[in-house]
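**Student:** Before I ask anything, let me first share the structure, which is written out below as structure tokens.
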């Protein structure tokens, strides 16, 4: 129903390591990102959230923050940069950094939990960890869901017959769904906190 419907305007920032990885081929980078957005848009329909790509920024010359192997440090820097720079240039609700940097350990993404609309905290960082677009897209969807108050799926979540986006580790499947747990957590967060920035239809 429409009372549940929310609109999440996101900006994807592609860092300089990505530019190098794709040999400076902007059209290729854009196509890669657009394909991911199509995938997550499909997944987020289950949560009554429309995903709108408000901006795609490519750091073609150099990084505007210090992107490092520590996902935590990179996340903090990216959030601070968003609050002091990006938010003043592009109207959006949430920003995600896509990097070719290999984060420490098994980490392929990191985001703050239940932080939608917060200037420094409505962010995530994603490692471009696979040549399979869908797998990177699932990581993106996963980190964005943390921003929306969704935690990792426990074993007793309904929907384990198919792959769930919030499962750890993420495995490949034709279509990734949010589990009932994710749906309930997202609804609870939205009804309790009612983050204002995702109410307006752009």
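Counting begins at 1 with the first residue displayed.
Every residue gets a Cβ built from N, Cα and C, even glycine.
I grabbed these lines from Swiss-Prot:
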- 6-202: domain 'Peptidase M12B' (DOMAIN)
- 9, 93, 197, 200: Ca(2+) binding site (BINDING)
- 117-197: disulfide bond (DISULFID)
- 142, 146, 152: Zn(2+) binding site (BINDING)
- 143: active site (ACT_SITE)
- 157-181: disulfide bond (DISULFID)
**Student:** Do me a favour and check the Cα-Cα span between residue 200 (Ca(2+) binding site) and residue 152 (Zn(2+) binding site); whole Å is fine.
**Tutor:** 28
**Student:** Check the binding-site residues 142, 146, 152 for other C-beta atoms within 10 angstroms of each C-beta and report the one with the most.
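**Tutor:** For the binding-site residues 142, 146, 152, the Cβ with the most other Cβ atoms within 10 Å is 142.
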**Student:** Would you count the other C-beta atoms found within 10 angstroms of the C-beta of residue 93 (Ca(2+) binding site) for me?
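**Tutor:** Around residue 93 (Ca(2+) binding site), other Cβ atoms within 10 Å: 24.
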**Student:** Helix, strand or coil for residue 117 (disulfide bond)? Use DSSP.
**Tutor:** coil
**Student:** Around the Ca(2+) site (9, 93, 197, 200), what further same-chain residues have their C-beta within 8 angstroms of the site's C-beta centre?
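**Tutor:** Neighbours within 8 Å of the Cβ centroid, excluding 9, 93, 197, 200: 7, 8, 91, 92, 94, 117, 198, 199, 202.
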**Student:** Among the recorded positions 117, 142, 146, 152, 181, whose Cα is within 10 A of the Cα of residue 93 (Ca(2+) binding site)?
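**Tutor:** Cα within 10 Å of residue 93 (Ca(2+) binding site): 117.
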**Student:** For each of the recorded positions (117, 181, 197), count the other CB atoms lying within 10 A of its CB, then report the residue with the highest count.
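**Tutor:** Sorting the candidates by Cβ neighbours within 10 Å, the top entry is 181.
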